[in-house]
Amino acid sequence: MTEDFKAGARDSIGILLGLVPFALVFGIAADGAGLSTIQTVAMSAGIFAGTAQLVTVELIAANAGLAIVIVTGIVVNLRMLMYSASIAPHFTEYGQRTRAVLAYFLTDHVYAMSIAEYAEEARSRNKRLYYLGLGVSIWLVWVAATVVGYVLGAGIPESLNLMFAIPLVFLAILVPAIEDAPQVVAALASAVVAIAAAYAVAEFGLPRGLDLLIAAAVGIVAGVTAEEVMAR
């Protein structure tokens with residue numbers, strides 16, 4: 001059975017190559033936002049959600065209100081509900097505690113690779129161990145690379161503001177993910193609203209981070225609406 005765990009760990013190697021730079025950027029950004037080492041590690045180890053972490057640390061750097069930070073992080077991670085509903089049937093034989101542990105390690109990559117593996121009916125791997133092999137490997141590297149990024153960030157002069165790296169990372173994630181018309185609609189709608197909302201926040205003194213929250217909500221609604229219209 002340990003071979004199934006090792007198989008998951010081996011399959012995670014390709015993911016880790018792209019994950020490390022992402023984690024380094026988060027660590028650097030966390031240092032730039034004024035987070036302590038403990039706070040940074042706690043975010044990576046506790047939240048374990050790269051996109052949500054980058055969003056929240058950017059909001060923290062912008063002095064956004066706590067409510068805005070929390071709500072935005074939740075909105076960004078709403079897709080995990082769909083992932084959970086999709087993968088849950090594969091773990092019905094396990095108790096609540098085991099499923100809670102499995103849920104903790106759920107990420108975009110773990111979900112995608114696990115579902116692909118489970119579709120291979122010719123294989124008889126233990127689904128739980130394979131999943132954990134993926135999740136634990138990614139978690140360890142993510143946390144370790146976050147610490148390295150934080151240390152690197154601490155050595156960068158304050159005059160060199162690297163917070164611009166966060167939007168660049170999001171663009172690098174977003175562009176390859178756009179595969180159909182509804183996703184294009186969602187991306188364009190959220191981009192336009194983000195620009196307009198950012199202006200409104202600055203002009204009228206609205207809570208910082210509200211622009212990002214509004215843009216995310218509009219993007220979701222626009223994408224879902226476009227998908228429903230095109231399906232008719």
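Using N, Cα and C of the backbone, Cβ positions are placed for all residues, glycine too.
Per TrEMBL, the feature transmembrane segment maps to 12-30 (among others). Outside the transmembrane segment (12-30) by six or more residues, the chain places 39-40, 43-44, 50, 53-54, 57-58, 61, 109, 113, 133-134, 137-138, 141-142, 144-153, 156, 162-163, 165-166, 169 with a CB less than 8 A from a CB of the stretch.
Taken from TrEMBL, the feature transmembrane segment covers 50-76 (among others). Same-chain residues lying 6 or more positions outside the transmembrane segment (50-76) and placing a CB less than 8 Å from one of its CB atoms are 19, 22-23, 25-26, 29-30, 32-35, 43-44, 107, 142, 163, 166, 169-170, 173, 207-210, 212-213, 216-217, 220.
Residues or ranges marked as transmembrane segment in TrEMBL: 129-153 (among others).
Marked as transmembrane segment by TrEMBL: 159-178 (among others).
Taken from TrEMBL, the feature transmembrane segment applies to 185-206 (among others). Sequence-distant contacts of the transmembrane segment (185-206) (same chain, at least 6 residues past either end, Cβ-Cβ under 8 Å): 174, 178, 212, 214-216, 218-220, 222-223, 225-226.
Look at TrEMBL and you will find 212-231 (among others) tagged as transmembrane segment.
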